[in-house]
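The structure appears below as structure tokens.
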């Protein structure tokens, strides 16, 4: 491992929920996923991860992991995204990741349209569009405490307060 890579690993160890040995295992997994050896994972490579491939929100996951919007996920972004799913990841970190799933334009709010689009990805054609829109409208109305027509992170946090988000967003077997 060169000095630059060693420095990157030290930084990742400080800023993620992973130990040095866990980061080494993640690096090996990342390199296996990076089929073309480009140093980053594109959408097709990302969808080879079993826990993500079967998720109806797989494309949202890619967008969240891809912090810089380059269309690919480098190792640091990979670690950053997975860190929220670590058993060492706290409630706030998991809530922030979940919020990002819905905040498609990254403006810090979940709009009616964003909530609709994400829920549509989750339910597919199991609900009629009109039924889904009614659920979205009711959710926004009930959770939107300041009446601005959208959900802030704080409002989102209150809305999901009764759920066990820590358990639901922890992947025991990341390696």
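The backbone N, Cα and C atoms fix where each Cβ goes, and this holds for glycine too.
Feature list (source: Swiss-Prot):
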type    : residues                : note
DOMAIN  : 21-56                   : domain 'EF-hand 1'
BINDING : 34, 36, 38, 40, 45      : Ca(2+) 1 binding site
DOMAIN  : 60-88                   : domain 'EF-hand 2'
BINDING : 66, 68, 70, 72, 77      : Ca(2+) 2 binding site
DOMAIN  : 90-125                  : domain 'EF-hand 3'
BINDING : 103, 105, 107, 109, 114 : Ca(2+) 3 binding site
DOMAIN  : 131-166                 : domain 'EF-hand 4'
BINDING : 144, 146, 148, 150, 155 : Ca(2+) 4 binding site
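Tertiary proximity for the domain 'EF-hand 1' (21-56) is limited to same-chain residues at least six positions away from its ends with a CB under 8 Å from its CB atoms, namely 9, 12-13, 62, 65, 70-75, 78-79, 82, 121-122, 124, 171, 174-175.
For the domain 'EF-hand 3' (90-125), DSSP puts the residue distribution at 24 helix, 2 strand, 10 coil. Residue 109 (Ca(2+) 3 binding site) sits 6 Å from residue 150 (Ca(2+) 4 binding site), counting Cα to Cα. Listed in sequence order, 40, 41, 45 are the same-chain residues at least 6 apart in sequence whose CB falls under 8 Å from the CB of residue 34 (Ca(2+) 1 binding site).
For the Ca(2+) 2 site, the Cβ centre of 66, 68, 70, 72, 77 serves as reference, and the other residues of the chain with Cβ at most 8 Å from it are 40, 65, 67, 69, 71, 73, 74. The residues of the domain 'EF-hand 4' (131-166), classed with DSSP into helix (H, G, I), strand (E, B) and coil, number 22 helix, 2 strand, 12 coil. The Cβ centroid of 144, 146, 148, 150, 155 marks the Ca(2+) 4 site; residues of that chain outside this set whose Cβ lies within 8 Å of it are 109, 140, 143, 145, 147, 149, 151, 152, given in sequence order. Residues of the domain 'EF-hand 1' (21-56) grouped by DSSP class, helix first, strand second and coil last, total 21 helix, 2 strand, 13 coil.
According to DSSP, the domain 'EF-hand 2' (60-88) comprises 15 helix, 2 strand, 12 coil.
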